[in-house]
Amino acid sequence: MPEEVHHGEEEVETFAFQAEIAQLMSLIINTFYSNKEIFLRELISNASDALDKIRYESLTDPSKLDSGKELKIDIIPNPQERTLTLVDTGIGMTKADLINNLGTIAKSGTKAFMEALQAGADISMIGQFGVGFYSAYLVAEKVVVITKHNDDEQYAWESSAGGSFTVRADHGEPIGRGTKVILHLKEDQTEYLEERRVKEVVKKHSQFIGYPITLYLEKEREKEISDDEAEEEKGEKEEEDKDDEEKPKIEDVGSDEEDDSGKDKKKKTKKIKEKYIDQEELNKTKPIWTRNPDDITQEEYGEFYKSLTNDWEDHLAVKHFSVEGQLEFRALLFIPRRAPFDLFENKKKKNNIKLYVRRVFIMDSCDELIPEYLNFIRGVVDSEDLPLNISREMLQQSKILKVIRKNIVKKCLELFSELAEDKENYKKFYEAFSKNLKLGIHEDSTNRRRLSELLRYHTSQSGDEMTSLSEYVSRMKETQKSIYYITGESKEQVANSAFVERVRKRGFEVVYMTEPIDEYCVQQLKEFDGKSLVSVTKEGLELPEDEEEKKKMEESKAKFENLCKLMKEILDKKVEKVTISNRLVSSPCCIVTSTYGWTANMERIMKAQALRDNSTMGYMMAKKHLEINPDHPIVETLRQKAEADKNDKAVKDLVVLLFETALLSSGFSLEDPQTHSNRIYRMIKLGLGIDEDEVAAEEPNAAVPDEIPPLEGDEDASRMEEVD
């Protein structure tokens, strides 16, 4: 039961704060928070909510506004009293509202917010839990709330946060309707009485509130008056009540006296200082996203972008749109000119899209609004449908947000397509953000087709320019059924690769994919415009053939069948199979991977991963196929040698050497590069005519490894080693 204290006619009731609220206030007061300024945002936001409510009620009953037509928020600093006052003409609170809302009934968010705070959440999230009012105690030692609701008398709530608060009927100056919050600031928080600081905080957090926020400041100005007027003013001053602050205060700051000889004397004048109340509206700029896009200049968009992002460069492109119907929201999205250096830094909190609800700022890093691959997009989304006290947990479940997200992604893709029409600007965009588009193809199955239209690659026919897959398809030959591509480390490397020899000789265009993310991208992008994407480095490459070519291929298969079997026996588990190649022209052999295995480039990328999964590595790397070129003299001579004696040790050694060299030229790495190097050195010595025995005699201590015998000579000492 509340205690009742009688002060003459006035009845003061004292209430204890509900336990959780008392705990929250204690946490706010006794913990150091660096960003105390958010209290002003919360109080302005509460005022805006109250104004929203009365505006909504007045739609059905206009008489609700009889107690005050103007919907506004006033901020009044008073350095003499050390108070900061916020006044709104919103709906106000009844006595019951005051008692329930400000102390005795804990909001569902109170406990959740305390848990979040103790887990390291930022104090600025307080408003998302519906307990923003208590942030006033970040800066105030005592708070007085005077409020008037249309259905009740004017009441005053007061608390110094000592575990209790008082409520009494207020017979002071009538406020008509609304709420006045008076903060008695702590000694070290007087910065919030300064004009500069208040303006800075309002601009940062509340410049887009839908009601005028006016700052009232007492200022001084000089005024020149005659002596007669000064005497009159002085007489009036003596009569007036000392407490009336609105009358000008007069100080004598000197007089200009003229020579008053004779009767023709001039009036004397004095300069006085008078105090006056200066009013300044702090949020004159109507939120740019609420205006008609046709009325906004590129300069205005540019200024807004810079103030939003702190970028010193102009944006590259902008999309301004609104969605109406069952769901209402407005959005203003920008593409920056450059990618930030930490674009893919997962742990860093991105401040990409600011979320507003009915012009009230909610949060500036809303991950749920946009997929990760579009994390470079900057802008503002203002929803009419989300609740103002939405928390991150609620956002994750919000169906409204899912619809907003879908629309934002759609509009971003529209913006990219529009930008693609301007080749110069699209080139800048693609250099900065191509990885994001490719990540999108990997992650976003719904928009994969639209994203694939935005890709640009160098090809075997594009020269220095990059080309789109649509342009590639338009240049395809009649007999060509697939889009051919190769992945690798650089344009030069893939252009000189053995894999593209036959394809290019036939006049087919090959797409060069040279970024690591391309490997992940093509795993998901199986086809484009009805044409399948085929890697020229994987098994099963089918090139259009005429009857003569088919016949020749069958003959080669029969002719080299025994050699293929022998090579498979020699290489054993190193390869899955050995086949005749239809892709080689000038190279004797190459290593291709199975359709679902990793390419050489992908294997290189995966080996570079610090936290790789070795079990997957073994499985995905095992599928290598050796393809031999039946038209190459090395392969033909090897066939003849094998036909003559399939147990010839030289054949085995040469097969291993061919395989290892093919591994290197196909982009793979060797498991034992030293053994391969020693073989090559031995061949160099033979080529230079250096006698192995001489080298051994000169270096008696440097024993030549037994497992690397010479390539030529007698049968006992002239064979290359056999590698297991």
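Glycine too: its Cβ is placed from the backbone N, Cα and C atoms.
Since we're looking at a predicted model, the values are computed, not measured.
Scan Swiss-Prot for N6-acetyllysine across Lys36, Lys435, Lys565 and the hit is Lys435. What Swiss-Prot records as phosphothreonine, among Thr85, Thr285, Thr297, Thr459, is residue Thr297.
For the ranges 30-34, 575-579, 610-614, 720-724, the feature annotated in Swiss-Prot as motif 'TPR repeat-binding' maps to 720-724. In this view, Tyr301 (phosphotyrosine) is surrounded by 18 other Cβ atoms within 10 Å of its Cβ, with every protein chain counted. Per-residue pLDDT, averaged across the region 'Interaction with AHSA1' (215-552), gives 81.
For Lys577 (N6-succinyllysine), the Cβ neighbour count at a 10 Å cut-off comes to 16, with all displayed protein chains included. All protein chains included, Lys481 (N6-acetyllysine) registers 14 other Cβ atoms within 10 Å of its own Cβ. Sequence-distant neighbours of Ser669 (phosphoserine) (same chain, six or more apart, CB under 8 Å from its CB) are Glu603, Arg604, Lys607, Leu663, listed in sequence order. Under the DSSP three-state reduction, Lys481 (N6-acetyllysine) is assigned to coil, being neither helix nor strand. By a simple count of nearby Cβ atoms, those within 10 Å, the most crowded of the modified residues Lys219, Lys399, Lys574 is Lys574. The Cα atom of Thr479 (phosphothreonine) lies nearest to that of Lys577, taking the modified residues Lys219, Tyr305, Lys399, Lys574, Lys577 as the candidates.
Note on proximity: among Lys219, Lys399, Lys481, Lys574, Lys577, the modified residues of the record, the Cα nearest Tyr305 (phosphotyrosine) is that of Lys399.
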